[in-house]
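**Q** Sharing the feature lines straight out of Swiss-Prot:
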| type | residues | note |
| --- | --- | --- |
| BINDING | 126-132, 188-196 | 3'-phosphoadenylyl sulfate binding site |
| CARBOHYD | N93 | N-linked glycosylation site |
| CARBOHYD | N98 | N-linked glycosylation site |
| CARBOHYD | N316 | N-linked glycosylation site |
| TOPO_DOM | 1-6 | topological domain 'Cytoplasmic' |
| TOPO_DOM | 28-355 | topological domain 'Lumenal' |
| TRANSMEM | 7-27 | transmembrane segment |
Amino acid sequence: MHHRWLLLVACFWVLFMLMVASKLITLTMKDPEGYGNKQGPLTVLPETEKIAVAETTKLQIESQPTTNSLKDESYTVLLHKERTELLRSVCSNGSLRNLSHTAISKFVLDRIFVSDKHRILFCQTPKVGNTQWKKVLIVLNGAFSSIEEIPENVVHDHEKNGLPRLSSFSAQDVHERLNSYFKFFIVRDPFERLISAFKDKFVHNPRFEPWYKHDIAPAIIRKYRKDRRESRGGLQFQDFVRYLGDPNHRFLDLQFGDHIIHWVTYVELCAPCEIDYNVIGHHETLEDDAPYILREAGIEHLVSYPTIPPGITKYNKSKVENYFSKVSKRDIRRLYTRFERDFKLFGYKEPTFLF
């Protein structure tokens, strides 16, 4: 009897030790990251709430910019800040005042297009992707619902495109808009822009602009071609450069009227030292500048800048050298003297390879 009792006690002791060991094993296998954390009650979400949480998490992940995009945005902001500081520095340089300053005349106000609905002013600088920006404003003003719907012949028809010029407003309204609206324009290497103007107006010569070939070109040839008896082949680039670099070019400018907007300086077009522009984009960096301008103007959710073909905005040094290779050094220097302000104000390097 005594031995049977001892056997029962021993069995009970073994069972007790097994239970203790099992508890210790369970505690040891718990997630170490959860150690010391109070466990909350388990909540089971309905299927609809599970989907909502999953979608929210997905959006949060997708909306987080990559490191590269953050760097790109920071660089773009810094770049535009440097451009603005350079412009203000050159404008305040007394020795360059005659080069950089111009009156806010009707000629300037005619170049600035207005979107009252979105409080935007855009100064037109031809040969720098200007047409595409006008399309953006036309859509914003509500004349067309999309850029693709705008007929090409309407873009520059200011009776039909719904783009009022700043010159159409009263002096008080002009003042208020210049002081409170978002203002921008685009620039390009000055000499490459002149080449683009020459090719577009005097080489390709669109059919709906016959006056460049039939009126303006002959007038330049008569005054600036060295051998005036040789008039075959139309206007040559050398003739064009002599006209633009002539200190007395205004005589023909008055004769040509507003057609000169395709080759006059940015200073004459937009008065950047008199008007405090928010952004000045560069044609060479338009792929980055266009989205930046839309963001700064607060319209990036309303319209997009048209797709830019690869490489089309890149500065083509060899093309510039080729066009100027037949122009005399004297004529190049005179041309640079006139456009020096555009080079300095917007940070373009002096074309030393042309001298």
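Using the three backbone atoms N, Cα and C, a Cβ is placed for every residue, glycine included.
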**Q** Count the other Cβ atoms sitting within 10 Å of the Cβ of V128 (3'-phosphoadenylyl sulfate binding site), across every protein chain shown.
**A** 24
**Q** Using C-alpha atoms only, work out the spacing between I195 (3'-phosphoadenylyl sulfate binding site) and N93 (N-linked glycosylation site) and round it to an integer in Å.
**A** 29
**Q** What does DSSP say about F191 (3'-phosphoadenylyl sulfate binding site): helix, strand or coil?
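**A** DSSP assigns F191 (3'-phosphoadenylyl sulfate binding site) to helix.
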**Q** Which residue among the recorded positions P126, N316 has the fewest other Cβ atoms within 10 Å of its Cβ, if you could check?
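**A** Candidates: the recorded positions P126, N316. Fewest Cβ atoms within 10 Å: N316.
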**Q** Find, for the listed recorded positions N93, N130, Q132, the residue with the lowest Cβ contact count at a 10 Å cut-off, counting only other Cβ atoms.
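**A** Fewest other Cβ atoms within 10 Å, among the recorded positions N93, N130, Q132, is found for N93.
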**Q** CB neighbours of F191 (3'-phosphoadenylyl sulfate binding site) within 10 A?
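**A** Result for F191 (3'-phosphoadenylyl sulfate binding site): 23 other Cβ atoms within 10 Å.
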**Q** Measure from the CA atom of N316 (N-linked glycosylation site) to the CA atom of D189 (3'-phosphoadenylyl sulfate binding site) and give the result in Å, rounded to a whole number.
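**A** Per the Cα atoms, D189 (3'-phosphoadenylyl sulfate binding site) and N316 (N-linked glycosylation site) stand 10 Å apart.
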**Q** Take the topological domain 'Cytoplasmic' (1-6) and average the pLDDT across it for me.
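**A** Within the topological domain 'Cytoplasmic' (1-6), the model's average pLDDT equals 49.
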